[in-house]
Each structure stands twice: as structure tokens, then as C-alpha cells.
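Engineer: Below is the structure I would like to discuss, written out as C-alpha cells.
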Amino acid sequence: LEPNAVFVLHGIALMLVFLLRACRQFPGCGNIVTFSQFLFIAVEGFIFEANFGRKRPAIPIRYYFIMVAMFFTVSVVNNYALNLNIAMPLHMIFRSGSLIASMALGIIILKKRYSVSKYTSIALVSLGIFTCTFMSAKQVASDSSLNEEDGLQVFLWWLLGIAALTFALLMSARMGIFQEMLYKQFGKHSKEALFYNHALPLPGFVLLAPNIYHHAVLFSQSELFQVPVIGLTLPIMWFYLLMNVITQYVCIRGVFILTTECTSLTVTLVVTLRKFVSLIFSILYFRNPFTAWHWLGTTFVFVGTLMYTEVWNSLRPFLAHWRKRPKEE
């Protein structure tokens, strides 16, 4: 992998460590984590991208409001899905199905047509997600620690969580198509879009203020922790949050550098590796039940993803080059 790709993977690994630690102690802390990330990136973008508000956006601001409404909705719905009996591995696998939603909406909205290999890859991803979802449903339904009435209630909440993930998946795909149309019309301005996507939604967090304040209080009541080197003492949950915000920023900046300076193959490999790393971190840290059926479904998802991105075709020239090297030397 190129240095930028390794940089992104390191940032992702660190971000996952701090996020998983926070979520394990306070499962409903997604809103305060998301708000902190949005605030940090918005402040950084206001200073360095918008030049303290003096730089006019290349894309009309009204389009950003539409994009932000979709982006904010997807982020909040995905956070709340974790409170609806959705395990972290299933959450990650389900979100890997964005290819399905993107292809479906691309066919409906943009009238696109795809090759047989693309449809095959989407079928594999769909089968993988269905397998993992079905096995998770069986685990929820067969929870022996609950009586029949409570078990039914838990299962219904789980179904609501699946519906929330499906809605977020389709909304995210629609946002991607909307961005694609904007970039074709006004040119690519990824850094500007990153700033506005995080700055404009900030007032929307007022609706989540009670939840954010509640978890801020809980964070303040966590055990004290002395930060190495500087010797500062603060509640450990605030330290986790600070580290998550910083590593999240590193990831986003790294992805931006990656997409502008590296090959598309590198970006594809890093994104695919990110999903594997996220899944493995979650399984090991939370000790979630993960059967052979779950692994089979996960394999379908990632093989389908690689087929869709045509990584195999991109690797052929690379492999052919390395096969010839000994002869040439």
C-alpha cells in the first residue's frame, strides 16, 4: 500500500479503539460523539477552507443545505439503530450493502445500465447481507434469558432497527447520486463539501441537546485519567472522546488525500480493508456471537464488493509485471 493508504488505516484503527471503548461503557453515546466530530471538522474548515467566512463556495449554498439534510439524517438514524438491538457487526455488514442501494437508485434515477459481473456482485452482496441478517434475527428470537412477551418486544425493536438501517442505506445512496450530479455540474470540491457537510448541520443538534447533555454529564462522572506526557487529569470518557475526534479527523483528511493523490485501486483496497478491520475489532472487543453462517455472509459481502469494483482486473497488469521481473533481471 502507498504511504497515504497506511496513514488512513492507522487512523481508522485508532478511531475504532476509542469509539468501541466509549460505546461499550455508554451504548447510547453516538450523538455526543457525532456532534463532537462535526464541531471539530466545522471549526477547522471554517478557519482553513472558508477563510473565516470570506471565501465564497464554488457550489451554491442551497445545494449544500439539501445535501446536509440527507447527511444529517443518515448519521442520526445510523446512531439510533445501535439502540434498537442491532449488534455492531450486523450494523457494519448491513452498511456494506451501499452498493445495492446505489445501483438500484442509479437504475431508477439516472437510468444507468450495468454489466453482468456488476449484477452478479450485487447478488453476492445481497445474499451475504440476507444471511447475516437472518442469522442475527434467529439469535434475537431465541434469546432464552427473556420470557415470551419480552422476547417478542425485543424482536420488534430489532425489526425497527433493521428498518432504520435500510432507510439510512437508501438515503445515503440518494445523497451519493445527488453529489455526483452536483460535481458534474460545478466541478469537484471535496474539501469544500466536507466543511459544509459538517458546519451546516450543527444547529440540528439542538434537537438532540438533552441526549448530548445527558451523556456529557455521564462522561464527566467517569473515572479520572492522567494523560501521558502532559500530565493533565480529566475524566477518561472525555479523553476517549477527544482521541476519537482527532483520529476521526485524521481519517477524513487521509481519505481526502488518498482520493486526490493515489490510484483508485489503492482507495478501493483501503475501503475494503477498513470494513474488515472494523468488523474484526467489533467482534473481538464486544465478543459478539459470530457463527460460521455470519462469516459466510461476510465473505459474500466482501467478495461481491471486490467484484463490483473490478479489483481483479486492476490487479492483472500488476501481477503480470511481477511475473516478468525475474526474467528481465
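Yeah, the Cβs are placed from backbone N, Cα and C, and that goes for glycine too.
I grabbed these lines from TrEMBL:
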SIGNAL    1-25  signal peptide
TRANSMEM  35-52  transmembrane segment
TRANSMEM  64-82  transmembrane segment
TRANSMEM  88-110  transmembrane segment
TRANSMEM  122-142  transmembrane segment
TRANSMEM  154-173  transmembrane segment
TRANSMEM  194-213  transmembrane segment
TRANSMEM  225-243  transmembrane segment
TRANSMEM  255-286  transmembrane segment
TRANSMEM  292-315  transmembrane segment
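Show me how these features fit into the structure around them.
Structural biologist: Remote same-chain partners of the transmembrane segment (35-52), defined as residues 6 or more beyond its termini with a Cβ less than 8 Å from a stretch Cβ, comprise 191-192, 194-196, 198-199, 201-202, 205, 208, 212, 241, 244-246, 248-249, 252.
Within the chain carrying the transmembrane segment (64-82), a Cβ under 8 angstroms from the stretch's Cβ atoms is held by residues 23, 27-28, 30-31, 34, 57, 88, 91, 95, 161, 164-165, 167-168, 171-172, 174-175, 178-179, 182, 193, 196-197, 200-201, 204, 208, all 6 or more beyond its ends.
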